[in-house]
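*Asks:* The following feature annotations were taken from TrEMBL:
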type	residues	note
ACT_SITE	CYS102	active site, phosphocysteine intermediate
DOMAIN	11-158	domain 'Tyrosine-protein phosphatase'
DOMAIN	73-136	domain 'Tyrosine specific protein phosphatases'
Amino acid sequence: RLESSRLRSFKISEIERGLYMGNYESANDVLLLESKRITHILTIDSVPLPRRILCILPKVVNLHLRVSDLPEEDILAHIAQIQEFISVKEDSSGTYNVLVHCYRGKSRSAAAVISYLMAKYSLPMEVGLSRVKRQRRLVNPNQSFLSQLKLFENMNWSIQRSNLQFRMFKLVMVSEKMRKAKILFRDSLNSILDPLLMGGDALPSVIYKCKSCRITLASSLHLLPHLVDESPSWTDSSWSAHSQDELASSFLYRSCSASVFINPIKWMEADIKNKLCGSLKCPNCRIVVGGFSWIKGESCYSCKAVIRPAFRLDITEIIFRTKCKFLQSSNREPILV
């Protein structure tokens, strides 16, 4: 009996009232599901739950999220669905019980449950992890999932697409897809492409224009900054601010201004969607105004930093508009014109 109890606790664990976490076996054990009165099953795995389970238990609601337990997996892309599905247990009637499971019940399902608790109780990632481990000791999300949950915390438990750290993260995730497929599908590309005119209340402090035809190419709101001699990493929480302009005061003396690296913009789509690296051309006059590299990245002109992936405007081919003045670059040093 003791051995059976231990085996069952390995299969399934109650995290809090109405919320269970388990492995593949727990989601396939009809007697166990019935004993726990499970009404909803969230499957976070590369394969869906076997159809026979849902045939035997036709009243059980199942949601399958196709997620692999790999460092390049974007768990944040599923956060909204995870929150919505698990929150059904908050129904005042108390009649709903949710099982969240992956294959081993230790990484993917743990990341999902932790994200739910973090959002529900406004918890730091470490506290959310500790709460889940207290109920299920074998929990061990992979390091990438933990870093993503920390980013989720930095964004105040919501997805803020203007957050610099989040933008860096999305670029790395999409670059991994590009490395594998050598081409980007529209949904992946659309998840990172910025509009030329950014929405919101923020006004750019600098506008970058093509030196040849003077069309606007980007602004300071598109910038992805780096510090002198430091290659930026999306896991660094220091980047968790809303824009380059907001970071300016804190990084004023350390930020490198010798190169202009930006988030991809919609006018770049034709150039970047099916090549690993190449030139960026002005959408109007088709003059080369920069370059990009999905995998190898590019080095800064003046410091040792490597930006990966990289989308760069060549400062010899652009002019800067700032506070009603135009600056034109010459020999990589801006001069007033």
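Glycine is treated like the rest: Cβ placed from N, Cα and C.
Where the annotation comes from TrEMBL, it is an automatic prediction and has not been curated.
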*Asks:* My understanding is the cutoff is Cβ-Cβ under 8 Å with a sequence separation of 6 or more in the same chain; which residues meet that for the residue listed as 'active site, phosphocysteine intermediate'?
*Replies:* ASN23, TYR24, THR43, ILE44, ASP45, VAL67, ASP69, ARG108, SER109
*Asks:* Under a three-state reading of DSSP, tell me whether the residue listed as 'active site, phosphocysteine intermediate' is helix, strand or coil.
*Replies:* coil
*Asks:* Is it possible to list how many residues within the domain 'Tyrosine-protein phosphatase' (11-158) are helical, extended or coil according to DSSP?
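*Replies:* Taking the domain 'Tyrosine-protein phosphatase' (11-158) as a whole: 70 helix, 25 strand, 53 coil.
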